[in-house]
Amino acid sequence: MLPSKPLLHAEVFALTVLQALASDTFIAAVYEHAVILPDATDEPVSPDDALALMNKNMDVLEGAIKEAAQQGAHIIVTPEDGIYGWRFTRETIYPYLEDIPDPAVNWIPCTDPTRFAPAPVQERLSCMARNNSIYVVANIGDKKPCNSSDPSCPSDGRYQYNTDVVFDPEGKLVARYHKYNLFRRETQFNYPKEPEAVTFETPFGKFGIFTCFDILFREPAVVLVSELQVDTVLFPTAWMNVLPFLTAVEFHSAWAMGMGVNLLSANTHNINLAMTGSGLFTPEGPTAYHYDSRTEEGRLLLAELSARPRLSPSYPPAVNWSSYATSINKFPEENDTFSAAVRRDIFTFSELRCKAGNYTVCQGDLCCHLVYQMSNKSKDEVYVLGAFDGLHGSLIKYHWQICTLLKCQSTDRNTCGQPVETAQTKFEMFSLSGTFGTNYVFPEVLYSGVELAPGEFEVLRDGRLKSKHGTSKPLLTATLFGRLYEKDLPHPLRTSP
């Protein structure tokens, strides 16, 4: 006689837990989703029409979740805005929102859907997790009523939050996170009054979660890793790629290496908005990643990761990011420097005029040092060493220190810092370092075609970003991104409670 469905589910769940407990690794998945967007409208649609659109997206996500589970994944992350898209005002997003309770209520929406206010999206996500015995991470909208006794209560009587939810393999809601650092265009949502540091335990490590723009700030990103010591960060995002430094795969991989954690990054896919780039990133580099700016298709990625990377024998040693650069007999600072903009940031650059050399470029408190040798310099390509020490951002301003070896867009030096995706020049070697005033430095190398270079560079304990055996492909950038969180300006949009 076949076991009943509840008994069968319990047996599958128990087996999944035992398998995870028996291993120091786990299988993670992320899905880059080409979101089905709503029609642009100035008037709210009906709740039924909103749910119909969300169900179309959840149909796609469910297919990816089933496929990931069949391939042995223990957890899958889906993108920010992955269920309803964007194109909203505060009023038009309202039909898409649900009231998401605190996970402390111990709720399985799949088996108890009427316990709270109608929540068909949470119910369906819970069932996806339960039916496939997998952790499911999704991004939806939360609504919370408020009244005049709350001086911060919006005039329409509710808070609206950009929200991540996590359901465990039984379908239970185990985490809820309200995005703290909203991008300037997210006017449909409210800022939470306080930053949330959301963590939860699994049989395969301690997890934290935040969303997209959050990764650039101390709270909650640094707090989760440095203070709460999570092993893995879940990262739904809707990231618009910005060359030369802020492409999704480039910066997210760099952040995982600099912070020493796993980062499961799931991006939305929309080539018209330059949205692509997802990956499974570790302290040692990417295990799987995807960047596709040409087609409209989504992509599922899976990889086996260390459950507790800090305990791994291959875990990178601690780095003193300014040790080498402050201790050497400095290379002569270049006299032939020039300024050029990377978007709005004015860098100090020096052109690499020879096939090999030692260079120093300084700006503010930062001096960047480079030793290099090119193998096949193209006469039609210009490379520079650049330094930036200052505030970045047009409205929300935060402090960067950046050292970069960078290919210019053309032989005109005025194009240095402008976007470029292809190159022809390879390097026999390079070693890049800087006099950083922070321990939060994120290293990355980007090749022609917006490709990462896993295993082809290393970070030495004295802070040098160094090629191992030359570059196997032409180089776009080799960059050290430093963040001085303590020098960020006060947030101009976040209101105090």
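Even glycines carry a Cβ here, placed using N, Cα and C.
Per TrEMBL, the features are as follows:
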SIGNAL    1-22  signal peptide
DOMAIN    31-307  domain 'CN hydrolase'
ACT_SITE  Glu80  active site, proton acceptor
ACT_SITE  Lys179  active site, proton donor
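Shown in sequence order, Tyr161, Asn162, Thr163, Asp164, Glu186, Phe189, Pro192, Phe210, Thr211, Cys212, Phe213, Asp214 are the residues of the chain, 6+ apart in sequence, with a C-beta less than 8 angstroms from the C-beta of Lys179 (active site, proton donor). If you take the C-beta of Glu80 (active site, proton acceptor) and look for same-chain residues 6 or more apart in sequence within under 8 angstroms, you find Asn139, Asn162, Thr211, Cys212, Pro236, Thr237, Ala238, Thr268. Mean pLDDT for the domain 'CN hydrolase' (31-307) in this predicted model: 97.
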